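Remarks on the structure that follows.
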Amino acid sequence: MGSAALEILGLVLCLVGWVGLILACGLPMWQVTAFLDHNIVTAQTTWKGLWMSCVVQSTGHMQCKVYDSVLALSPEVQAARALTVGAVLLALVALFVTLAGAQCTTCVAPGPAKARVALTGGALYALCGLLALVPLCWFANIVVREFYDPTVPMSQKYELGAALYIGWAASALLMCGGGLVCCGAWVCTGRPDFSFPVKYSASRRPTATGDYDKKNYV
């Protein structure tokens with residue numbers, strides 16, 4: 001596979017991972033708990049995310065409430081907000097940097113400098129994946145630890161939500177895509193010019209007398 005194809009494939013993976021990271025950041029399903037009371041009519045499921053919590057009744061009715069106070073949130077939620085939003089914004093910067101250094105664009109003159117720009121964009125994407133992985137694993141560790149804690153009531157035990165799995169998949173795509181972009185750019189760092197070759201045909205000049213060569217006539 002050519003270096004340009006590697007860059008394009010890596011950029012596509014990074015874009016999909018970026019969308020998945022935004023989705024994981026906004027979904028209120030980082031922690032999910034399902035419990036049943038003695039009366040099945042009161043069965044409900046509670047979802048908790050970074051920005052709101054939702055309660056889904058057995059009848060299908062869902063009620064969500066946005067967190068009112070930032071200071072009242074737990075430290076892991078505040079840190080997860082900062083790291084996840086930072087990763088999303090950094091991925092946006094990485095997108096522009098990668099597009100500027102990609103071989104299929106003309107934002108930067110072809111050469112080793114252009115390859116280094118693309119290499120920087122791929123490294124930023126990989127950093128985004130690692131940055132998003134920190135709050136995801138931190139949250140998962142807290143949920144699992146509290147789930148097996150005998151002192152926590154059964155009604156307050158949570159399980160891993162779908163947003164965590166989406167975030168893990170997005171982080172993997174960002175790191176893999178960033179690695180592919182770096183591989184495609186690394187191949188071109190030693191080339192003086194890696195732009196697509198364009199062949200030009202030489203124009204025919206007239207003779208000194210202004211007349212065309214006689215052999216052009218039949």
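Any Cβ shown, glycine's included, is placed from N, Cα and C.
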Q: Identify the topological domain of Lys48 and of Thr151 in Swiss-Prot, and say whether both name the same side of the membrane.
A: yes
Q | Stretch of maximal Cβ-Cβ contact with the transmembrane segment (160-180) [cut-off: under 8 Å; candidates 8-28, 82-102, 123-143] | A | 8-28
Q: Please average pLDDT over the topological domain 'Extracellular' (144-159) for the predicted structure.
A: 85
Q) What is the number of residues in the topological domain 'Cytoplasmic' (103-122) that are helix, strand and coil, as DSSP sees it? A) 11 helix, 0 strand, 9 coil
